[in-house]
Structure formats: C-alpha cells, structure tokens
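Enquirer: Structure incoming, see below.
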C-alpha cells in the first residue's frame, strides 16, 4: 500500500472552488441569524400561553383603611416636614383670601348703603370709604385666592390619604403632591429674583427722584419721610429675598436627601426654568412698556405744552 499518497492527500486537501461574492447576492446568509423553528407548537402565541403571559392581570385591591389607621401611618420625617409646610402655606393663602374677601365685600356693601343710612348710624366717614370699583377688583382676586387655596388643600388631603394607604400596604412611592411641590420649588427662586429685581429697580429710581427733588428745590417740604419709607421697603425686600432663597433651597435639599436623587428629571427642571424665565421676562417688559406709554410719555407731553423742559432739573 502506498501511504505516501494518503499522506500527501491529507496534507493537500481539495480546496472548494471559490466563486465571486456580490453584495446583492441573495444566497448570502447571516451567520448570526437566529434559526427558525419548524415546530408550530413553539411559536410565540403558544409559548406565551404556556408560560401564562396571556392570563388576565389582577390589580392589587387597595383596602379602605380607617381614619385612625391612616393617622397611625409612619411618614418619614423629611416628607412629614414638607407636608406641614405645604399645609401651612395653603392655610395662609386661604386665610388671606378670606380676610381680603370679607373686607372688600364689606366696603362695597357700605358704599351702596351710605346714601340710605345716616352717617351717625354708619359710624364711618365717607372719605374713608374706598371706591367700589377698586373693592370689586380686590374682591375678585381675593375670591380666586380663596378658591385656589381650598382646591389645592383638598388635593393635598386626597394625595396624603393615598400616600398613607401605600405606606400601610408596604408600598412607598413618590406622591404626586410632592412632585408638584418640587416643581414649584424649582420655579419659585426665579419668580422671587424677578420680583425682587423689579422692586430694587423701581425703588431705586423713586429714591433717586426724591433725592433730586430734595436737592434741586427749596420751596418744597422735606422728603425725608418718603425716602425712609422707600429704603425700608427695599431693605424688607432684600431680607425676604434672601430668606426665601435659603428656605427654598433647604426644602429642595430635604426632599432630594431623603430619596437620594432629584425626583423631577433634569430635562423637566430645565424646561421649568426656561419657561418661568420667559414668563417673567414678558411680564417685566410689558409692565415697563405700560409705564413708559401711560406715565412717562404723557408727563413729558404736558411739560412740553407748558414750555417746561421735558426732563426736569436739566
């Protein structure tokens, strides 16, 4: 037997004939393509039924706990503190709205009763009775404040009951009212900055006008009282501004420290800040335009018609 030929054949196997491969060749198969089962019993529908995926899902029923059980629910200290602050804030809004609503309604009633009732029975001088138009506007705004406070307080009560129910069931989720409060805390510093900036700007302008009048005229009485009042307003605004920023930051940090992350995604926080800045900017420039066209320009026209310089003291 000739073993040399076998050895040579093993060393030099017959190579398959290579054919050119084209990109659009339909015979090319993906080596990573998943094999297709020919068994019809292993299709997706039957497999899902065998595993029980298509069975009806029964939601866990929420028991109706008693009021005493809900009161005994242990709420984390950070969340309980935020709930107390929110209740205090809404109670203040309701109280302020109720007081302003009562005062405005009282003066509107007194205004229309004044021609009927004698001054001795009314016991309020007519010069101290405001115009009803102003009081009606105040009544509308105070009624809105009162109703908004009541609605938000009711929503907080419902959300708190649902949160306590989840805690008693052993399920801890981020309550909706907490997410809403966090979004409000994101927007609050922006509103506070714009409001404070407006007060600083207009207050500084008014104080400057008072100083100019005081130094340029000799016949007018002293304006020290007005200047002191405006400086007090600016100082109070600065104090409230600083306290509000620290207080808001502490509340946000309190919530984030408990959960270990910001409960509102960064994209939503960014959108809230952008939208709030846009709203405040529009309001500021609209108010500036109204002051320019309603107050300053007519005042300059009146001075020009009286042959006085348009800008005084120049």
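Glycine is no exception: its Cβ is also placed from the backbone N, Cα and C atoms.
Values in this document were obtained by computation on a predicted structure and should not be read as measured data.
What TrEMBL records for this protein is below:
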{"type": "COMPBIAS", "residues": "1-13", "note": "compositional bias 'Polar residues'"}
{"type": "REGION", "residues": "1-20", "note": "region 'Disordered'"}
{"type": "TRANSMEM", "residues": "88-113", "note": "transmembrane segment"}
{"type": "TRANSMEM", "residues": "133-153", "note": "transmembrane segment"}
{"type": "TRANSMEM", "residues": "190-213", "note": "transmembrane segment"}
{"type": "TRANSMEM", "residues": "225-247", "note": "transmembrane segment"}
{"type": "TRANSMEM", "residues": "279-301", "note": "transmembrane segment"}
Enquirer: With pairs closer than 6 in sequence left out, are the transmembrane segment (190-213) and the transmembrane segment (279-301) joined by 3 or more CB pairs under 8 Å?
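Expert: With 3 or more qualifying Cβ pairs, these stretches touch.
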Enquirer: Can you tell me which recorded stretch out of 88-113, 133-153, 225-247 has the most Cβ pairs within less than 8 Å of the transmembrane segment (190-213)?
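Expert: Checked against 88-113, 133-153, 225-247; highest Cβ contact count belongs to 225-247.
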Enquirer: Within the same chain, where does the transmembrane segment (88-113) have neighbours whose Cβ lies under 8 angstroms from its own Cβ atoms, ignoring anything closer than 6 residues to its ends? I mean 6 or more beyond.
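Expert: Residues 122, 124, 129-132, 135-136, 138-139, 141-150, 152-153, 156 contact the transmembrane segment (88-113) from elsewhere in the chain.
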